[in-house]
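Colleague: Have a look at this one.
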Amino acid sequence: MVKIGVLALQGAVQEHVKSLKAPDAEIVIVKRVDQLDDLDGLVFPGGESTTMRRLVDKYDFFEPLQTFAQAKKPIFGTCAGLILMANHIVHETTGHLQMVNMDVERNAFGRQRESFETQLSVKGVGEDVEAVFIRAPLIKNVGEDVDVLATYDGEIVAACQGHLLACSFHPELTDDTRFHQYFVQMVRESKETADDTMAVT
Ligand code: GLN
């Protein structure tokens, strides 16, 4: 059994809960820091990244979230969640939680294409993955340790750095649960590795 939380400070939470469902997964809505303690994985939903950051600070989540990532527990950020994870945000002086070696540009599609839906090939996840983009960011640069999982029009829209997974779009707003189930599998594998390590020490 794995326990996965969805950070519920702001944004679409229930949709993630639905997409994460699996027989061996308990999904919890996270509103307090102490709930992080027994989680095996965590999702940062979409919404508005500056508001989300303000709430992270207000409810003292900043350090506990960094500790969570340092413990190598998987985190999946979508859209604003991806922005929270980036080391650097274009035109801004600092990133927020600075977990993933990537530069992101907010609202990168401009007004003409604020929202649209498409299908993408996502490495490890599958072909024709349904993707909803809403005032989405783009990943403009990634470090050597970051794996590009998907591109759209030649630009990076999904990436993975070890246990950290991020995408510009909203897979939770479709019935296609493959991206979330890929994350659930990452959490299972990470938990197995952690359990094995505990058994040895
Ligand atoms: N544009 C938003 C931001 O910068 C992200 C949009 C979203 O999460 N759908 O935070």
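For all residues, glycine too, the Cβ spot is worked out from N, Cα and C.
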Colleague: Check TrEMBL for me: it has GLY47, GLU48, SER49, ILE134, ARG135 binding L-glutamine, so pick out which one of ARG32, ARG106 it puts in that same site.
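Modeller: Within the candidate list, TrEMBL flags ARG106.
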Colleague: For L-glutamine, what surrounds GLY47, GLU48, SER49, ARG106, ILE134, ARG135 with a Cβ no more than 8 Å from their Cβ centroid?
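Modeller: Leaving out the recorded residues gives GLY46, CYS79, ALA80, ILE83, ASN107, ALA136, PRO137.
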Colleague: What Cα-Cα separation, expressed in whole Å, is found between CYS79 (active site, nucleophile) and HIS170 (active site, charge relay system)?
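Modeller: Rounded to the nearest whole number, the Cα-Cα distance is 7 Å.
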Colleague: Determine the most Cβ-crowded residue among the recorded positions GLU48, GLU172, using a 10 Å radius around each Cβ and all protein chains in the structure.
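Modeller: The largest 10 Å Cβ neighbour count belongs to GLU172.
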